[in-house]
Structures are given as structure tokens and as C-alpha cells.
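Asker: Sharing a structure here in C-alpha cells format.
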Amino acid sequence: MASASSVSLMLLVAAAMASAASAQLSATFYDTSCPNALSTIKSAVTAAVNSEPRMGASLVRLHFHDCFVQGCDASVLLSGQEQNAGPNAGSLRGFNVVDNIKTQVEAICSQTVSCADILAVAARDSVVALGGPSWTVLLGRRDSTTANESQANTDLPAPSSSLAELIGNFSRKGLDVTDMVALSGAHTIGQAQCQNFRDRLYNETNIDSSFATALKANCPRPTGSGDSNLAPLDTTTPNAFDSAYYTNLLSNKGLLHSDQVLFNGGSTDNTVRNFSSNTAAFNSAFTVAMVKMGNISPLTGTQGQIRLNCSKVN
């Protein structure tokens, strides 16, 4: 058995390696090799979101679900595997938009810009397109040659998660409680399927009664009936990236159980109150958290590859 000191040393080395990998990311990574990459991505994302506002949330979710499973390496884009995991099957979308972006970028810079970086930039540009804050995306990630379905099933937070489970999920990825509450604010856009909030509608008491009644019309009690019917995560301004998500929580109008637990007499109540009344504070915390999330275990240097097609390895 390893001694305590050797275990500590191994942890320090692992932390140093992770830090070094993140340090290799740079905002200017493509300035010389593909100077028009970012503007090309932005134009494609803006067009996609203008055509279908919901796509903005879908692209943000793709980046989140990528980073939480073996790091921000575009593993979520590989056909099958992670896409078949419980949290992803039948709900992940936006692959066609990513493929379109990749095709456009390949046309100007062959095998230069990674799919992982496209996801990171597309998430930022989606938030901006819906009126949210911007931030500097660090670049230089490379694409994985593997995906991990089992890790997707264990590491992605579930809509039924308790506050303690959410804190643990995010902590294991190097994200603190404020990061977790801020990143949850991405639910100010997007929609969820009835099967993910049915139990909350019919079995929980910390939900506004009129809010629940309105939702029940499109989400019947019997399991299997209307499972894929959609409802906006933020019923107030569903297509605007703002702080209304937190204001809704103050009124017990969180759609998912994992939303409302952020304001239910627990340790995150004050953060929710602050973000609800101070949009600037939310925007600041959100951008910081997105940069931190984008730095989770990236492949850099000669690790991985630059995929020619985001859905399969070269």
C-alpha cells in the first residue's frame, strides 16, 4: 500500500499536470494558423440561434456534457457511446449545427481547429446571441479518440439530484458551489422533457400551485404518456439569457427538482437571492465558471487529434 506521503505526491503531480494542460490553452491559439476561425463560428452560431432560439441552449448543453465526461475533448460528439448514456439519449441536440460549423472551418483551415474548441466557442457565442455576457474562450484543446458512456451515466448531474449531490458532482470537476449555482443559471434558456419534471409536478410540495397546474396540462401523470413533451426551464423569458431563472426559484417555480433545490432552505439560498437581484453578479460568476469548466482536463500539444469529422475519429 502506498504511504500517505507518496499518495500526496501523486495527487500534487496530477494537479500540476492538469494545471499545466490548462496553461497551454491560449486565447490567441488560432491567430496565425486560422485567423478567421472565431468569426466563422460566430456567424454560424448566430444564424442557427436566430433560426431557432432553443438551439442556443442545446449548444451550451453540448459543451457542458462534453466537459463533465473525461474533460473538454469533444468525446460527446463521437457517434454512439456517450450519446447513448441516460442523461444524453434522446435529448442531446445540435450535432447538425456543429457539423455545419466544422465543414465551414475545414474549408478555410484544414485539420487545424478542433471540435472541442468549436464546442467551447459555440457555447459562448450562443449565450451572447441570446443577450447574455461574453467571455474570452481559451483555445488549443484537441479531440479525443475515445468516449466513455459509463462515465457519462455517473458524472453528469441528474434532474433529480439533491443539493448535496450537485455540490459533489461539481466539486469533483474542480468547480465550487458558486460555480455550480452560476452554471445552473444556463437554465434561463432551453427546455426540458416531461419525464424529467413529472415527479416534481405531482409529488413535491415546494412548487407554486398555479405553475404546476399549468404544466400538468402538457405532462400527464402516467409514466410513458407525453414523456418527451417540452416545457421551458424559464417560463418568464425562455429565449433570453438573463437572471429570471433565479427569480423564478424564489417563487418556487423551478422546473426541475435540481433547479428548486438551489433555493429550498439550504446553503445556496443567499447566492440565488443575490443572482436574482443582481444580474451583473450573475453574469460575472457565470463567465468565470464557464472558463473554469472549459479548462477541465483538456487534451493539448500532441495528445488526441484534430478530427476531420466531429462524429468519428480520423
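Placement of Cβ uses the backbone N, Cα and C atoms for every residue, glycine included.
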Asker: Among Thr178, Thr188, Thr287, which is the one Swiss-Prot gives for the Ca(2+) 2 site where Asp234, Thr237, Asp242 also bind?
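Answerer: For the Ca(2+) 2 site that includes Asp234, Thr237, Asp242, Swiss-Prot also lists Thr188.
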Asker: Based on the record in Swiss-Prot, give the one of Cys67, Cys72, Cys109 in a disulfide bond with Cys34.
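Answerer: Out of the candidates Cys67, Cys72, Cys109, the one Swiss-Prot links to Cys34 is Cys109.
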Asker: Looking only at Cys115, Cys219, which is named in Swiss-Prot as the disulfide mate of Cys194?
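Answerer: Of the candidates Cys115, Cys219, the one Swiss-Prot pairs with Cys194 is Cys219.
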Asker: If you follow Swiss-Prot, the disulfide involving Cys72 connects it to which of the following: Cys67, Cys115?
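Answerer: Recorded disulfide partner of Cys72 in Swiss-Prot: Cys67.
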Asker: Can you tell me how far the Cα of Arg61 (site 'Transition state stabilizer') sits from the Cα of Cys310 (disulfide bond), in Å?
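Answerer: Given the Cα positions, Arg61 (site 'Transition state stabilizer') is 17 Å from Cys310 (disulfide bond).
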Asker: Going by C-alpha distance, which of the binding-site residues Asp66, Gly71, Asp73, Thr188, Asp242 is nearest to Cys219 (disulfide bond)?
Answerer: Thr188
Asker: According to DSSP, does Asp242 (Ca(2+) 2 binding site) fall in a helix, a strand, or coil?
Answerer: coil
Asker: For Cys310 (disulfide bond), which of the listed binding-site residues (Val69, Ser75, Thr188) have their CA atom within 10 A of its CA?
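Answerer: Passing the 10 Å Cα cut: Ser75.
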Asker: So around the Ca(2+) 2 site, Thr188, Asp234, Thr237, Asp242 aside, which residues have their CB within 8 A of the centroid of those CB atoms?
Answerer: Ile189, Thr236, Pro238, Ala240, Phe241, Ser243, Ala244, Tyr245
